[in-house]
Amino acid sequence: MFKRKSTAELAAQMAKLAGNKGGFSSEDKGEWKLKLDNAGNGQAVIRFLPSKNDEQAPFAILVNHGFKKNGKWYIENCSSTHGDYDSCPVCQYISKNDLYNTDNKEYGLVKRKTSYW
């Protein structure tokens, strides 16, 4: 499963990482930093810009299924997020068993949940 590596290679990698103190340069002039007052509080205004083309929605839509059945959890994103309604196994199960019309309790448990980000 795991291959043994030479300790010399590992020591060389560790030495290379040890030279990188802090992870990034704090001298970067292109990076914006929040200015703090004497109490340590900062304030910023975030402005949302319009999209480059008018066809894009200013938010993302995510459809998922999340439910507990037979003591086990099922939490997955639904392929209908991308318009593919046929490859989601839960949506297929709902359609095949016509849960909307036959078993509203189970349908309420397994139906798609839509969230907007």
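Glycine is no exception: its Cβ is also placed from the backbone N, Cα and C atoms.
Residues or ranges marked as Zn(2+) binding site by Swiss-Prot: His65, Cys78, Cys88, Cys91. The region 'LAST' annotation in Swiss-Prot covers 3-7 and rests on similarity to another entry.
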| task | Compute the average pLDDT of the predicted model within the region 'LAST' (3-7). | result | 69
| Chain-mates of His65, Cys78, Cys88, Cys91 with C-beta within 8 Å of site centroid, Zn(2+) | Val63, Asn64, Glu76, Ser79, Ser80, Pro89, Val90, Arg112
